[in-house]
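Data block below; observations after.
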């Protein structure tokens, strides 16, 4: 007795008939199409075994149904783009949806690299420095008057030059006497400590921190011998080429403050009228 060779699903004999193997099981054409064939997205009919099944993201089409939703041109073996479940050829997609290059005004085709900045788009090859005409790509750039510049070109053309080191000041600079400085270059003339954000003063157009200025140029108090800066509203008393801090202007004998009072002098000392009446 001959061995049977039947359809796995309907069990009809497959001898002399076309059949399809799936997972090593034979199916007649009718059963295979009923069980496994995909439905075409376009026409809604089954994609039979004798037809080419084209698929994209779990969707299927007959070869003749796989066309652009807008111009109806075939998409077989051609690049395409998807938008809201519709398939479009690259020409239709670019006309309908693609952004336009800010430089050449042409469409930026799907799948091509583009550069974006503040709502504007460029082809990668069109996004270039206005001065040197070299592609900027992913490097840092600086916009100026509607044009984009690579950092070296911007610095050469527009950046202020630090008075001290003569290099461009691109950010975080300091202005002193209407001239630009890097923060790290604006230092005390004497001790070289940074002055940015600190109180300072100047002499002969040179900047000094308060400590150095007082040590070098401030008058010394006749009472405590410490410098009298005279800065920031500091009050002091001056008499015959001598100076005192307000708190140091006291009677040598009784330590009474003589600020706003009459006083007498005995050699280098100052005395209140009571202590000086016996002079």
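Note: Cβ is positioned from N, Cα and C throughout, glycine not excepted.
These come from TrEMBL:
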DOMAIN    38-98  domain 'LIM zinc-binding'
DOMAIN    99-160  domain 'LIM zinc-binding'
DOMAIN    219-279  domain 'LIM zinc-binding'
The domain 'LIM zinc-binding' (38-98), counted residue by residue under DSSP: helix, strand, coil: 10 helix, 20 strand, 31 coil
Arithmetic mean of per-residue pLDDT over the domain 'LIM zinc-binding' (38-98): 89
